[in-house]
Amino acid sequence: MSEVQKSGINVEPKSGTCEVKNSSVSVANATVDSFNKNLMARLTTNDTFEYLSDIRMIVYRAEIELRTLNRGSLEKLGDWSRSKKITTVPGKQILPAKRFFRIGTAEAIPWSLIKKDPVTGEPIKDADNNDVWEGYCVDFIQKLSEDMNFDYELVIPPDGTFGIKLPNEKWTGLVGDLVRGETDIVVAALTMTSEREEIIDFVAPYFEQAGISIVIRKPVRKTSLFKFMTVLRVEVWLSIVGALTLTGIMIWVLDKYSPYSARNNKRLYPYPCREFTLKESFWFALTSFTPQGGGEAPKALSSRTLVAAYWLFVVLMLATFTANLAAFLTVERMQSPVQSLEQLARQSRINYTVVANSNIHQYFINMKNAEDKLYTVWKEITLNSTSDQIEYRVWDYPIKEQYSHILQAITQVGPVKTTSEGFEKVISSENAEFAFIHHSSEIKYEVTRNCNLTEVGEVFAEQPFAIAVQQGSHLQEEISKRILDLQKDRYFEALASKYWNQSLKGMCPNSDDNEGITLESLGGVFIATLFGLALAMITLAGEVIYYRKRNATEIKKQKKRKDKGYKKHVKRKSLDKLQLKPAPTVSLIDKPFGPKTRVSHISVYPRQFPFKD
């Protein structure tokens, strides 16, 4: 404008309106024409400004030097100007820049986790000393970056959470970062909830319905070689031994002093009968526990009364032991102590918890609030004095308040800070006295990796996992279309198979619940048999040694007698032994054949003996 004024043209502002009057005649403006001619002449010879006639715009004539930061130093790539466009340095190539997104994720097994060295267990770092991440979501992000042609940076929230709503209406974790614009996309194990949908947008779900499940440790079987001995308590075994000992002593006493016993009544029992000495009485009491019984019973009525009572005791004890042994071995193969959330809420032996400030924790809080609200509504209805509400009046509250009990139990135990801490608590409880309520997808992954864990009950409160973007973002439609294409290519099935279907259960020891009784449980029976066999061999050796020593002693005594002058006596005694006995004078030919009266036919000791006249 200053150049125009210097040329002698007077430029003065004029008053007027912006209204366009209907006129078909164009009024020439000498000032404007003169200004345009002067301006065009100046712009064609000016190196600073340039006039673009197609858009009727004056632009700044500039030349830009293109550089890049390579390993801390600036490196020239080329130059740019409007007339020459881009001219590159020889050996360099400039390609269109990719889009760049900040993608938020949070640690969740196997969705997103820090990659660790399999030997040392230490986190693996990249060239910039940042943690290297792996998992389902990391692979998914890499696939999206390749298909959609963008670069990305993983952003981990400071608190490491997915995000909860604070009382001041603000959000934490991944959701909070997305709302504040600190991230562009969230790819994590983020569930779609109504509260989150109010402030962020979700794309099409990329994973099947996942809910809440319960995981506990498999009960550790306390195997013992003498497990069959634990069926009865120690005091019961001692009572059985005491009853056996007392019965053996009483049988000996009764058989010895009863006038009707076989040893004291030869007239009534002239044939050989079993003599119940103290040793024989104990043997009878012991063998009565066997299926074949104790053998010949005492003859006296008093002894038989005692034996009958003892046999009743034996039958009952054997039946009790057999039933308890079968039940005891069956309990080992029983299923988990709880099979559902309802059973977990009704019992008090197993403690359970959730991750603090997680959506699962919020789920139980919301369910507890819903129960309280229902109770308030029911109370208002039942206390209403109108006749229309009489039909709702009942003595007991008709709805089970299980979520209030569950939340109270979780509060008493205390929520854990991280998922790994929850699984560690479950693994450390060897008697299956702790349960962890968490996402079913993460529990399924841990169960396939740990032989000691088992998932119980059915999955409840199912919700889909989805990618989240900022509200109103154009990425929602673009990512949704790409997810549909990946679903057609069965990409998600292959990715899920990589992290969930490749189970390590094959390396676990065989723990089939339908297997039979193992040798570890009944090995003591075989050990007892081998112990009896060894004891019998030792007893045999003792008997042989004792017999030989006794014979040697008798031989020495005989030699001493010979040395003292008893040779004649020994010789005469030997001759007497060699003399033949006189033949019987009574002939047995005339005697009738057949058994005499008072001959026992049930004796277990059949011997030949002469009949009396």
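Glycine residues also receive a Cβ, built from the backbone N, Cα and C atoms like all the rest.
As recorded in TrEMBL, the features of this protein are as follows:
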DOMAIN    110-180  domain 'Ionotropic glutamate receptor L-glutamate and glycine-binding'
DOMAIN    116-502  domain 'Ionotropic glutamate receptor C-terminal'
BINDING   T191, R196  L-glutamate binding site
TRANSMEM  236-254  transmembrane segment
TRANSMEM  308-331  transmembrane segment
SITE      V338  site 'Crucial to convey clamshell closure to channel opening'
DISULFID  C451-C508  disulfide bond
TRANSMEM  522-547  transmembrane segment
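Sequence-distant contacts of R196 (L-glutamate binding site), defined as residues of its own chain at least six apart whose C-beta falls under 8 angstroms from its C-beta, comprise G163, V175, L190, F202, A468. Cβ neighbour density within 10 Å is lowest for C451 among the recorded positions V338, C451. For T191 (L-glutamate binding site), applying a Cβ distance below 8 Å and a minimum sequence separation of six or more within one chain yields A210, N359, Q463, P464, F465, A466. Distance noted between the C-alpha atoms of C451 (disulfide bond) and V338 (site 'Crucial to convey clamshell closure to channel opening') is 19 Å. Taken residue by residue, the domain 'Ionotropic glutamate receptor L-glutamate and glycine-binding' (110-180) breaks down under DSSP into 20 helix, 17 strand, 34 coil. Over the domain 'Ionotropic glutamate receptor L-glutamate and glycine-binding' (110-180) the predicted model carries a mean pLDDT of 87.
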